[in-house]
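Per TrEMBL, these features apply:
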type     : residues : note
TRANSMEM : 31-51    : transmembrane segment
TRANSMEM : 72-93    : transmembrane segment
TRANSMEM : 99-118   : transmembrane segment
TRANSMEM : 127-145  : transmembrane segment
TRANSMEM : 165-183  : transmembrane segment
TRANSMEM : 190-209  : transmembrane segment
TRANSMEM : 229-249  : transmembrane segment
TRANSMEM : 261-281  : transmembrane segment
TRANSMEM : 287-310  : transmembrane segment
Amino acid sequence: MENSSDFNATVPLISAEALRAQIVENPLQNYLLGIIISICGNVLISVSLNIQKYAHVRQAQRGSKPYYTSGMWWSGVVLMGVGELGNFAAYGFAPASLIAPLGCVSVIASAVISVVFLKETIRASDVVGGSLAITGTYLLVTFAPHASTHITAHLVQYYAISWHFLLYLFIEVVLFCILLYLYKRRGVKHIVIVMLLVALLASFTVISVKAVSGMITESITSQLQLIYPIFYVMLVVMVASCAFQIKFLNQAMKMFDATEVVPINFVFFTASAIIAGIIFYQEFEGLALLNIFMFLFGCLLSFIGVFLIARNRPKIKQQDRTFIPMDKIPGRRNTDKVQPEAKTQTYGSLAAKLMCNRAGQADD
């Protein structure tokens, strides 16, 4: 009878330990694999962007066919797809709080490629910013949480109904509604408002991407997870959040210059991804205080590096030079724009502006 009672007492303990062994482990191999895949994916993205940029420049110089008829441009698009797929796969092997900050690798690689291949001028801020970003990346990789979690459908369901995530979800929804009201109804078009909307959506993107990628990885390596409804719920959340992110990012690119949007979006996206990983996947649980401090310090160095690299870049938006603003001409109160006749000999010349000035004086 004593042996029977001892056996019954040890069964729950063994089952709990076995369950924990299936959920959480600490394999350095998976951790390094996720880092390598993420770095390679970000480098491919930077290469693809520069290839597309070069294709645009070459087609503009030739002035013959549209850019989408260029094979080089399509090769850049394919490389970007491969790079994004690599980032997606990396979430299945490494913590989300590490994969998101590694996006600074794309900024560093893009700066190097633009200087070497596109012959852009290297600046002192590029060197300092690149050095800070590389140092920050090293600290991120060294002090990030190394625990690799087996993402299963049951684990995602458990995290999704936890009280801390439900509180986090409520706060995010309230903030999103307030910001959307200010942006849509009140007409507040500040860049911080738009980027915060993108960041709030990005937190759901990171949670859903890691869940989908992790369950696919688990299905390939161990047990099929695609039969559970939570997989398709996360898939829908991933697609919807990505679509609305792209929508708000496009609106930001129309209103503001890319040199402002890119660094702010990187900082906000990284911060939201880290917070999402901490709250939903509990990635900082059991991490030493020194590791947390050095990890956050590495994020700060990466943020400063990206801002220095993007600072004072040539403006992408340019005003249409074929139009003459009437409010810039003395003697004119009209704020409309006029366009000189293209067939006249004075089109686009200083004489055209002088003629407009004389017309304005005659009207007065």
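Numbers run from 1 along the shown chain.
Using N, Cα and C of the backbone, Cβ positions are placed for all residues, glycine too.
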The transmembrane segment (261-281) vs the transmembrane segment (190-209): 3 or more CB pairs under 8 Å: yes
Contact ranking winner - 99-118, 127-145, 165-183, 229-249, 287-310 against the transmembrane segment (190-209), Cβ under 8 Å: 229-249
Range from 99-118, 165-183, 287-310 with the greatest count of C-beta pairs under 8 A to the transmembrane segment (127-145): 287-310
Cβ-Cβ under 8 Å with the transmembrane segment (287-310): same-chain residues at least 6 beyond its ends: 97, 101, 104, 107-108, 111, 125-126, 128-140, 142-145, 259, 262-263, 266-267, 270-271, 274
